[in-house]
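J.: Input: one structure, supplied below.
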Amino acid sequence: MQWQAAFPTRIYLTGFMGCGKSTIGPLLARRLGYTFLDLDALIVRQAGRSIPEIFAEGGEAAFRALERDALRRTAALDAYVIATGGGALVSDDNLAWALRNGRVVYLQVSADELARRLAPEAAGRPLLQDRHRRPLQGAALRRRIAAMLARREPWYRRAHHVVATDGLSVEETVEAVLHALRTYRASRNERR
Ligand SMILES: Nc1ncnc2c1ncn2[C@@H]1O[C@H](COP(=O)(O)OP(=O)(O)O)[C@@H](O)[C@H]1O
Ligand SMILES: O=C(O)C1=C[C@@H](OP(=O)(O)O)[C@@H](O)[C@H](O)C1
Ligand SMILES: [Mg+2]
């Protein structure tokens, strides 16, 4: 289909934990007639361990090595929406690779909104826990998110598309991403 042919074969969603990559991804894929893949789910499947287990046994470095390999394996996929983990494209190497191998979309959410969303979900995310592996809460969670987001934003902002999603519903966010991708398709067609 002409419409699809003008779309990229792989769309990588990036952004901070809780920005909605895993929630938006399947809905976006359905709208495009694409398949959805969650990179974290692929890592867990291949490692046979949960993300907290991988962090507990090998530290963050072990997780990043698995993540790097999983990302490279997506090169073979066609017509996929891929939700990456929030740290996957926070590396010059991985980000450059994704920018070359697909369209990268940053789902931008403020630290306040992220803190609200992540309060009930910090347990499954090792980077949002204290050194005794207790989920951060309240002001401590907000401070951790703000500090990490400030450090990571320079990478996130290098995405092909930056989609501001504060105040948008899940459905509105899907529409906003589709709009960004259509704009890209239109500008590509103009260049032909
Ligand atoms: N507008 C929205 N877009 C995406 N997620 C939202 C939105 N509003 C609330 N949420 C909630 O925020 C959380 C996002 O988590 P998730 O999709 O796992 O993010 P990520 O994969 O980026 O870490 C989910 O619990 C989701 O229901
Ligand atoms: O931001 C990060 O470094 C991480 C984000 C998580 O994925 P989500 O962004 O889907 O929560 C997961 O990959 C891991 O806990 C590390
Ligand atoms: Mg996710």
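Backbone N, Cα and C atoms are what each Cβ position is placed from, and that goes for glycine too.
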J.: From the candidates Arg103, Arg125, Arg131, give the one listed by TrEMBL for the same ATP site as Gly18, Cys19, Gly20, Lys21, Ser22, Thr23.
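T.: ATP site check in TrEMBL: besides Gly18, Cys19, Gly20, Lys21, Ser22, Thr23, the record includes Arg125 out of Arg103, Arg125, Arg131.
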J.: Per TrEMBL, which of Gly25, Gly86 sits in the substrate site along with Asp40, Arg64, Arg152?
T.: Gly86
J.: According to DSSP, which kind of secondary structure is Cys19 (ATP binding site) found in, if we only use helix, strand and coil?
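T.: Reduced to three states, the DSSP call for Cys19 (ATP binding site) is coil.
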J.: Relative to ligand 1, which of the binding-site residues Gly20, Asp40, Arg64, Arg125, Arg152 have a Cβ found under 6 Å from one of its atoms?
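T.: With ligand 1 as the reference and 6 Å as the Cβ limit, the list reads Gly20.
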J.: Would you count the other CB atoms within 10 A of the CB of Thr23 (ATP binding site), including those on all shown protein chains?
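T.: Around Thr23 (ATP binding site), other Cβ atoms within 10 Å: 17.
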J.: What is the Cβ neighbour count of Arg64 (substrate binding site) at a 10 Å cut-off, with all protein chains included?
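T.: Summing over all protein chains shown, Arg64 (substrate binding site) has 18 other Cβ atoms within 10 Å.
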J.: On a C-alpha basis, identify the one among Asp40, Arg64, Gly86, Arg152 that is nearest to Gly20 (ATP binding site); the candidates are the binding-site residues.
T.: Gly86
J.: Spatially speaking, which of the binding-site residues Asp40, Arg64, Gly86, Arg152 is closest to Gly18 (ATP binding site)? Use C-alpha to C-alpha, please.
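T.: That would be Gly86, the closest of Asp40, Arg64, Gly86, Arg152 to Gly18 (ATP binding site).
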